[in-house]
Amino acid sequence: MITRKSKREIEQMQAAGDVLVACHKAIAGMIKPGVTTMEINNFVEEFLAERGATPEQKGYNGYPYAICASINDEICHGFPREEQLKDGDIVTIDMVVNLNGGLADSAWTYAVGEVDGVGKRLMEVTKSALYKGIEQAQVGKRIGDIGHAIQTYAEAEGFSVVRDFTGHGIGPTIHEDPHIPHFGLPNKGLRLKEGMVITIEPMINEGSWESQMDENNWTARTIDKGRSAQYEHTIVITKNGPLLTTDQDKE
Ligand code: MF3
Ligand code: CO
């Protein structure tokens, strides 16, 4: 079901977003060669608990951890683990924060030490692709406009767009209708309305867009070992344009 949120619900989602943003900023300071994604997971558990928030992903459809941590060729839903990050890795940390029932969902790709030129470019293009999609998140625009903006930009830059995972409506649960593909045709699909809250979360690959599932039945990775980056925001559709509850650049 597609819901439109009340002012009060949006305020709760923004409060969750504020906690999530602070958490991502703290993680940014932890990322370096030698740190493990399990350490980051445990840090997030504590960070949220201290603020009266909970990691909504933990237990969601049986997912075992507070965060997803996807390294290099892992596209999404990587498991945190006791393996040290290495100089040159890229790692995507994705989490959903629940604060008093309000949810916020944001993923961010971090460079570990010095990443090579293509890896840096992949990260930049993926982040810009997210913002190209966000520009389309306007009352009266259609879902296809979002995917089209992302796909045409990312492909023109020589990268590919993952098809098997999409953005989504969010609240009261993590994944609500509608699906928000990161590819598509302009002026097609559902029309966006005021009060809808969605995520846009392009996963962009340096090689083929195709994914395969690990034996853990969660982690998707590229079929050609190429790297994948991802940036995600939670976005409220308002008559004044897209409102990011997970914006890291606010004062
Ligand atoms: N933030 C993730 C997404 O948007 C949530 C994944 S659910 C989990 O798809 F259970 F895998 F964590
Ligand atoms: Co999401």
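Backbone N, Cα and C define each Cβ position, glycine as well.
Because TrEMBL annotations are produced automatically, they should be read as predictions rather than curated entries.
Positions annotated as domain 'Peptidase M24' by TrEMBL: 11-239. The average pLDDT the prediction assigns to the domain 'Peptidase M24' (11-239) is 98.
The substrate binding site annotation in TrEMBL covers HIS77, HIS175. Just so you know, the Cβ of HIS77 (substrate binding site) picks up 22 other Cβ atoms within 10 Å once every protein chain is counted.
Over all protein chains present, the Cβ of GLU232 (divalent metal cation 1 binding site) has 23 other Cβ atoms lying within 10 Å. According to TrEMBL, the feature divalent metal cation 1 binding site maps to ASP94, ASP105, GLU232.
Annotation for HIS168 (divalent metal cation 2 binding site): same-chain Cβ neighbours under 8 Å, separated by at least 6 residues, are ILE174, HIS175, GLU176, ASP177, PRO178, HIS179, ILE180, ILE198, THR199. What TrEMBL lists as divalent metal cation 2 binding site is ASP105, HIS168, GLU201, GLU232.
Within 10 Å of its Cβ, the residue among the binding-site residues ASP94, ASP105, GLU201 with the fewest other Cβ atoms is ASP94. Here GLU232 (divalent metal cation 1 binding site) is positioned 4 angstrom away from GLU201 (divalent metal cation 2 binding site), judged by their C-alpha atoms. Apart from ASP105, HIS168, GLU201, GLU232, the divalent metal cation 2 site neighbourhood in this chain, defined by C-beta within 8 angstroms of the site C-beta centre, holds ASP94, SER106, ALA107, GLY167, ILE170, THR199, ILE200, HIS233, THR234. With a CB cut-off of under 6 A applied against ligand 2, the binding-site residues HIS77, ASP94, ASP105 are reduced to ASP105. Compute the center of the Cβ atoms of ASP94, ASP105, GLU232, which mark the site for divalent metal cation 1; besides them, the chain residues with Cβ within 8 Å of that center are MET95, VAL96, SER106, ALA107, THR199, GLU201, GLN230, HIS233, THR234.
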